[in-house]
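Novice: Submitted below is the structure of interest, expressed as structure tokens.
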Amino acid sequence: MIEADRLISAGTTLPEDVADRAIRPKLLEEYVGQPQVRSQMEIFIKAAKLRGDALDHLLIFGPPGLGKTTLANIVANEMGVNLRTTSGPVLEKAGDLAAMLTNLEPHDVLFIDEIHRLSPVVEEVLYPAMEDYQLDIMIGEGPAARSIKIDLPPFTLIGATTRAGSLTSPLRDRFGIVQRLEFYQVPDLQYIVSRSARFMGLEMSDDGAQEVARRARGTPRIANRLLRRVRDFAEVKHDGTISADIAAQALDMLNVDAEGFDYMDRKLLLAVIDKFFGGPVGLDNLAAAIGEERETIEDVLEPYLIQQGFLQRTPRGRMATTRAWNHFGITPPEMP
């Protein structure tokens, strides 16, 4: 199964996900969840504004769909500056980055999504820009080539990544602020779902919002996507009002269970339990057993299963926990 085909994929793959931008928080006071990140950023932003400085460079990492782009927009809004957006794969040549940097106004924010995918050539250009606000570029070719320095206005680079471990040390060390986004708690997601329902003009009970939040895998992007599908079900099968029962019916129909697992999650866990007797099983064997790429398992399927205590990574391989066995109503084997 392709990741983009999953209803509970946290990737931005659907046109309606773009519409979520209209309901995203624009200021820190509207930002729900991530209390430690919010309180720290409030202090850092106020301090930078008091000094009249650009905010220090910021690295945001964590699983997809948790609001890295939203936080970048909030930082720019709070600082009262422009936000320029790009992504690592788009910046193929040093000239691409140079063009963006030379068009920045003082204190502007440059947001680079998937910053771990920057090419080494582009990354080299970024180092002096981050550290000294200078751009070193080569003019000409061969023996006639020469290096010139261009002064840049003070700016803030915000890098976002789902794979912080893939960043090179020189790049990672140049970020003065590093923030990790965690999966959201159900009460915070419930607030987000209720807020989105109001923006969409839906009539939704508190327990209906809670039911959607419980199955959203701790991820706001997934919560909003599930809300739209529940809305469709409520409008076609009922009178449009969303209660807990209607939300549960809709999500059951979509094969999203009470833990927020879909077909692929259950397939992975059942493979570990049925084919490998609960594990441990190596990643390559597991990938072959369920017909998925190992990168998909590591980056997409595993993080939430591990965070929720259904799967363990051990030196010998992946293991299903007692909670995973119980989820399927299967008696776990006796421990020796």
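Residue numbers in this text run from 1 along the chain shown.
Heads up, the Cβ atoms here are built off N, Cα and C, so glycines get one too.
Residues or ranges marked as region 'Large ATPase domain (RuvB-L)' by Swiss-Prot on the basis of sequence analysis: 4-184. Sequence annotations record features per position, and here Swiss-Prot assigns ATP binding site to Ile23, Arg24, Gly65, Lys68, Thr69, Thr70, Glu131, Asp132, Tyr133, Arg174, Tyr184, Arg221 based on sequence analysis. What Swiss-Prot records for Thr69 is Mg(2+) binding site. Per Swiss-Prot, region 'Small ATPAse domain (RuvB-S)' is recorded for 185-255, and the stated evidence type is sequence analysis. Look at Swiss-Prot and you will find 258-336 tagged as region 'Head domain (RuvB-H)'. Annotation comment: Swiss-Prot describes Arg294, Arg313, Arg318 as DNA binding site.
Describe each of these features in terms of where it is and what it packs against.
Specialist: When secondary structure is read from DSSP and collapsed to three states, Tyr184 (ATP binding site) falls in the coil class.
According to DSSP, Thr69 (ATP binding site) is assigned to a helical segment.
Cβ neighbours within 10 Å of Arg313 (DNA binding site), excluding its own Cβ and spanning all shown chains: 13.
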Novice: Identify all same-chain residues not among Arg294, Arg313, Arg318 whose C-beta atom falls within 8 angstroms of the centroid of the DNA site's C-beta atoms; report them in sequence order.
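Specialist: Surrounding the site, in chain order, are Val281, Gly282, Leu283, Leu286, Ile297, Glu298, Glu302, Gly317.
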Novice: Please list the DSSP helix, strand and coil residue counts for the region 'Head domain (RuvB-H)' (258-336).
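Specialist: For that range the per-state counts are 41 helix, 9 strand, 29 coil.
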Novice: Which of Tyr133, Tyr184 (the binding-site residues) has the most other Cβ atoms within 10 Å?
Specialist: Tyr184
Novice: List the same-chain residues at least 6 positions away in sequence whose Cβ sits under 8 Å from the Cβ of Glu131 (ATP binding site), in sequence order, or say none.
Specialist: Arg174
Novice: On the 0 to 100 pLDDT scale, where does the region 'Head domain (RuvB-H)' (258-336) sit on average?
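Specialist: Mean pLDDT across the region 'Head domain (RuvB-H)' (258-336) comes out at 92.
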Novice: Out of Arg294, Arg313, Arg318, the binding-site residues in the record, which is closest to Tyr184 (ATP binding site) when you go by Cα distance?
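Specialist: Comparing Cα positions, the candidate nearest Tyr184 (ATP binding site) turns out to be Arg313.
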